[in-house]
Amino acid sequence: MVDFLNPSRRGVLKGGAAIGAGLAAPTIFSSQAWAAEYLNKPTGDTVTFGFNVPQTGAYADEGADELRAYQLAVKHLNGEGDGGMLNTMKPLTLQGNGVLGKKVAFTTGDTQTKSDAARASAKRMIEKDGALMITGGSSSGVAIAVQSLCQEAGVIFMAGLTHSNDTTGKDKRRNGFRHFFNAYMSGAALAPVLKEAYGSDRKAYHLTADYTWGWTQEESIKNATEALGWETVEAVRTPLGAGDFSQYITPVLNSGADVLILNHYGKDMVNSLTQAVQFGLRDKQVNGKQFEIVVPLYSRLMAQGAGENVKGIFGSTNWHWSLQDEGSKAFVKSFGAEYGFPPSQAAHTCYVQTLLYADACERAGTFMPCGVVEALEGHEFDGMGNGPTLYRADDHQCFKKVLVVKGNENPTSQFDLLEVVQEVPAEAVTYDASIFGGELGDCNNGV
Amino acid sequence: MDAILLQILNGLDKGGAYALIALGLTLVFGTLGVVNFAHGALFMLGAFCAVTVNQVIGLEQVTLDPNNLTPWGTPVEIREPYIVSWLGDTGHLILDYSVPVSILAAIPIMIVIGFIMERGLIQFFYKRPHAEQILVTFGLAIVLQEIIKTWFGANPLPQSPPTALRSAADIGVLVGFNPGEIVYPYWRLVYFVFSALVIGGVFAFLQLTTFGMVVRAGMADRETVGLLGIDIEKRFTLVFGLAAVVAGLAGVMYTPILPPDYHMGMDFLVLSFVVVVVGGMGSLPGAVAAGFLLGILQSFASMTEVKSILPGIDQIIIYLVAVVILLVRPRGLLGRKGVMEG
Amino acid sequence: MTTPLATARSDLILFGAFTLAVLTMPIWLVPLGAGYPDLMQKFAIYGLFAIGFNILFGLTGYLSFGHAAFLGVGSYTAVWSFKLLGMNPVPALLLAILLSGLFAWVIGFVSLRRTGIYFSILTLAFAQMCYNLAYSVLTPITNGETGLRVLNSDPRALDHLTGQGVVDGPLVSNIFGLEMNGLPGFYFCAVWLLIGMYVSIRIFRSPFGLMLRAIKTNQTRLNYTGISTRPYALTAFVISGMYAGLAGALLCVTDPLAGAERMQWTASGEVVLMTILGGAGTLLGPVIGAGLIKYSENIFSAFHEQTLHDIFGFLPDGVEGVVVSVAGLFVGEGWHLTLGLLFMVIVIFLPGGLTSGVRQLVQMARRSSGGSGRSGGDAGTAPQAAE
């Protein structure tokens with residue numbers, strides 16, 4: 001009875017096709033053929049990608065840089081420009097004539113760094129523009145929200161910048177993939193460097209942005225540093241977008257802590273770091289040691305926002321344009337030639353994700369999400385920056401080198417703000433996929 | 001003890017900023033009867049005056065080094081500020097003091113912006129419903145911030161305080177604490193003194209000049225002043241200009257504390273409205289008192305000891321205090337009957 | 001003035017036309033690029049939100065800056081109903097209306113002790129407290145930044161009772177198997193929009209509605225005549241809160257995720273702008289305002305250089321470059337600029353919002369053609385000062 005009433009799971013548009021066709025068969029619905037084996041199967045000579053990036057709000061510059069990278073990737077995929085990382089990517093199935101013989105087209109949208117707006121924008125790409133793959137974003141809340149939408153709708157999600165353990169942990173999805181590193185890997189990569197620089201007898205004070213990403217980072221860094229023998233004096237949660245952090249910084253002064261760890265990102269990090277330095281924390285001696293500040297997640301754009309305050313401050317990052325491997329050099333060269341400045345880590349991850357998706361389609365011989373998932377799971381590749389990389393099948397997380405960086409004391413240009421201290425090998429940051437829980441579930445083709 | 005003293009300092013500093021922003025807002029409310037949602041944008045424009053001045057005096061001579069290439073194949077640029085190549089060490093000094101220097105530029109710029117806004121737009125909305133004032137000034141705020149975003153980008157642009165004021169002062173020693181116990185950044189102390197001076201200046205202006213007397217009379221009873229044959233509208237432009245200058249200066253001096261970005265006005269907008277309303281509509285002393293009160297309470301609510309009893313209290317303290325005060329005192333701290341009430 | 005009978009007839013015409021327009025949206029929105037289910041759902045849902053807001057603001061003049069809180073409460077209630085009871089939208093909607101109504105009663109009871117801007121700030125304060133707490137310390141209930149979602153492991157008692165408990169695909173709200181996404185989801189929302197519109201018309205024409213308007217016109221005089229206005233205002237507040245809760249629940253019916261940003265002051269501000277933009281105190285205005293803002297948000301932001309080049313491709317090369325770079329300022333990353341300019345232009349040139357602008361045009365046309373009498377198609381109250 002119930003089965004009779006409950007037809008098989010349909011995608012977002014299938015039901016639409018039925019009633020839409022009954023009404024007047026508007027073009028966008030009738031293009032959804034009943035017989036298609038997956039949602040938005042491209043019928044023409046193009047295939048559409050959806051680039052969903054923050055265009056307004058605090059991460060607008062990061063979003064703009066992501067969009068630049070995407071446009072460059074599309075150019076390279078379609079055989080225009082100098083090819084960028086297509087010259088260095090190994091293994092490579094793409095032929096520089098689009099993907100599976102179809103030219104790549106794209107549609108863009110504004111996530112506004114809000115889950116609701118990001119999902120609305122992604123839905124437009126899927127329902128109206130026929131996008132087969134959604135990518136982008138600059139925060140974990142958005143990434144997780146859009147990833148689960150893509151899972152439900154039946155398209156592939158290639159995450160942009162998202163650093164929370166949850167994205168490929170408790171909120172992982174079969175249709176979603178993350179190239180960017182995460183908070184756990186930041187902790188694992190940073191800890192040995194911190195030990196070497198600051199010793200194993202330190203008292204740490206955490207200021208943490210009061211939302212899920214902040215908490216996962218606080219937990220990861222705490223675990224990693226406590227394993228070194230560091231003591232955690234206090235971990236204080238600060239409201240997102242607090243602006244003035246002075247009321248959270250003054251208690252640090254006389255807390256007995258000798259390291260301040262700022263689990264902030266974006267504007268929060270720019271403000272809290274600037275203000276912490278103004279409070280003279282870095283000139284302080286506590287317990288006979290020099291007081292230090294650590295920013296576990298760095299980006300060049302944030303370093304730019306914090307100005308000279310970043311000098312000498314340790315952190316981790318996914319990628320940096322000064323890397324000297326062939327892949328990074330090729331990418332920096334074509335990005336710099338196109339736009340006149342080097343790419344950010346967000347741009348890098350977005351560019352790589354696009355190429356990886358396209359290559360997976362080519363290898364799978366289809367755009368069908370389940371086929372692409374299969375091609376990406378357990379895929380090993382090289383020549384995309386970060387050395388040999390594995391897309392782990394168990395949680396769809398990439399494992400590759402993580403960079404420990406330091407604010408450059410003597411920058412030679414306005415882009416030369418971070419200095420790579422160490423490239424931590426993938427093995428050192430690899431963890432067991434089960435520690436963060438979550439279920440990938442089954443892949444969804446949207447029909 | 002030291003923790004409490006430090007939080008009082010934080011509160012005074014924060015309160016100074018809140019009071020400065022709220023002061024201009026309540027001036028415009030009180031005299032012009034306009035709900036100005038673009039007031040936050042004026043604060044933001046002030047901050048970007050500092051950015052512009054810094055960029056102008058820091059204008060760099062770019063020479064290309066053909067022997068040295070960037071990774072993407074163009075010659076490396078060598079940049080030197082013109083002012084340094086012209087004036088040498090004096091140039092460095094001026095660059096170093098660019099934030100205080102930009103006050104000189106910000107005053108005329110903000111007056112002009114205020115005049116243009118009032119003459120070009122606001123004056124047509126004096127007799128329109130508040131709802132429409134909100135819509136048009138909100139629209140204006142968005143337009144202004146988008147223009148700034150197009151020009152300067154969305155990333156924060158750090159502004160340094162002068163080198164001499166970059167670190168923290170050990171003020172605890174002066175009153176008998178151990179060295180290093182009560183330290184406070186020089187620039188925040190400067191900001192507090194500055195805000196006190198500006199607030200004092202505005203009050204003196206309103207108390208001691210004839211112009212100020214008329215404005216105060218207008219705030220108290222606009223109709224009667226009009227009946228006395230004084231053309232109050234003519235003075236509105238100046239009042240609006242004054243409000244713009246106060247907001248702009250608050251923005252200029254705040255840049256070393258908060259690297260400015262195009263959205264900072266919106267971030268302060270809600271807060272400044274809360275401060276004004278808690279202080280009482282149309283009351284300048286009320287706005288100042290509410291600014292300091294909320295600043296200090298916010299600082300205390302953020303203390304770990306308080307948060308461990310009431311988790312999340314620092315997130316809502318401002319609003320909680322606003323609710324309590326408005327319920328206990330119907331017109332805020334010092335508001336008068338009938339202003340923006342019905 | 002129009003006679004009551006004429007009003008009733010014109011209301012019927014208005015409602016008929018509105019119904020037709022809403023139900024045929026999948027057809028006439030296609031040429032505008034907006035004929036896809038998600039955006040049409042948003043039109044219907046935010047239209048409903050704005051209609052409800054208008055019952056409070058348009059009629060009584062009480063300007064609430066905290067209605068997003070009720071939207072959020074409705075959303076969270078709906079998702080919790082999905083999680084605990086099952087994916088059927090009916091209990092979710094009923095619970096959401098009930099709970100947001102209750103919530104509105106509490107907040108309204110306190111806030112309505114004050115008037116004017118003091119009232120606005122009280123509602124704003126309550127909503128901001130809800131938002132800040134939902135984002136941080138209430139995460140166990142709201143799932144914070146990520147947003148509350150329905151998981152396969154949730155109890156969903158009713159689903160399991162009826163044997164629908166085990167689902168292999170994504171969890172989507174459904175009525176007896178008809179899934180509430182895509183077009184069915186839109187029509188589900190559209191039905192609620194029509195019900196909401198009908199109720200709104202009835203309220204506008206009722207003695208209760210008259211009383212609400214009297215509050216706006218002169219509350220003090222009413223008080224002097226011995227009428228206590230607060231119960232009336234509170235009822236209007238609760239009704240509009242229930243509309244908001246319903247809208248919030250519908251957002252979750254079409255897409256089972258409730259995020260905290262829905263309660264932020266910008267979301268409250270958005271519904272205020274929708275209502276003023278369309279025309280506060282008019283029946284149709286808020287829906288039109290909601291449509292306009294959601295349209296700009298979703299369509300203007302989606303333009304990029306490539307699409308602009310396609311649009312202006314017919315121009316000669318040099319001109320095209322200039323046109324594209326100028327147009328580029330207003331779309332894509334610059335869509336906020338367009339929105340801001342839109343606000344300013346409409347309020348400067350069409351005082352009273354879009355609908356009153358249209359009415360003025362109609363009147364001008366009639367006057368010039370020698371006709372007389374005023375258009376009865378609208379509610380007839382020009383927006384008054386909120387003072």
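From the backbone N, Cα and C atoms, a Cβ is placed for every residue, glycine too.
Note: TrEMBL annotation is automatic and uncurated.
According to TrEMBL, the feature compositional bias 'Gly residues' maps to C:370-379.
Sequence annotations record features per position, and here TrEMBL assigns region 'Disordered' to C:367-387.
Look at TrEMBL and you will find C:12-31 (among others) tagged as transmembrane segment.
Annotation source TrEMBL lists transmembrane segment at C:43-70 (among others).
Annotated transmembrane segment per TrEMBL: C:90-110 (among others), in sequence order.
The annotation transmembrane segment is assigned in TrEMBL to C:117-138 (among others).
Only residues 6 or more beyond the boundaries of the transmembrane segment (C:185-204), in the same chain, are considered here, and those with a CB under 8 A from a CB of the stretch are 11, 14-15, 18-19, 22-23, 25-26, 37, 40-41, 44-45, 47-48, 51-52, 54-55, 59, 89, 93, 175, 179, 212, 239, 243, 246, 250, 253-254, 283, 287, 379. Residues or ranges marked as transmembrane segment by TrEMBL: C:185-204 (among others).
What TrEMBL lists as transmembrane segment is C:231-251 (among others).
Taken from TrEMBL, the feature transmembrane segment covers C:271-293 (among others).
Residues annotated as transmembrane segment in TrEMBL: C:337-358 (among others).
For the transmembrane segment (C:271-293), the partner stretch with the highest count of Cβ pairs under 8 angstroms, out of C:43-70, C:90-110, C:117-138, C:231-251, C:337-358, is C:43-70. Distant neighbours of the transmembrane segment (C:12-31): 39-40, 43-44, 183, 186-187, 190, 193-194, 197-198, 201, 283-284, 287, 377-378; these residues of the same chain sit at least 6 beyond its ends, with a Cβ under 8 Å from one of its Cβ atoms.
Relative to the transmembrane segment (C:43-70), the listed stretch C:231-251 leads the set C:90-110, C:231-251, C:337-358 in CB pairs under 8 A. For the transmembrane segment (C:231-251), the partner stretch with the highest count of Cβ pairs under 8 angstroms, out of C:90-110, C:117-138, C:337-358, is C:90-110.
Residues 273, 276-280, 282, 284-285, 288-289, 292-293, 296-297, 300, 329-331, 378, 382-383 of the same chain lie 6 or more positions beyond the ends of the transmembrane segment (C:337-358) yet place their CB under 8 Å from a CB of it. Through the fold, the transmembrane segment (C:117-138) approaches residues 62-69, 72-73, 76, 107, 110-111, 144-145, 260-261, 263-265, 268 of its own chain, all at least 6 residues removed from its boundaries and within a Cβ separation under 8 Å.
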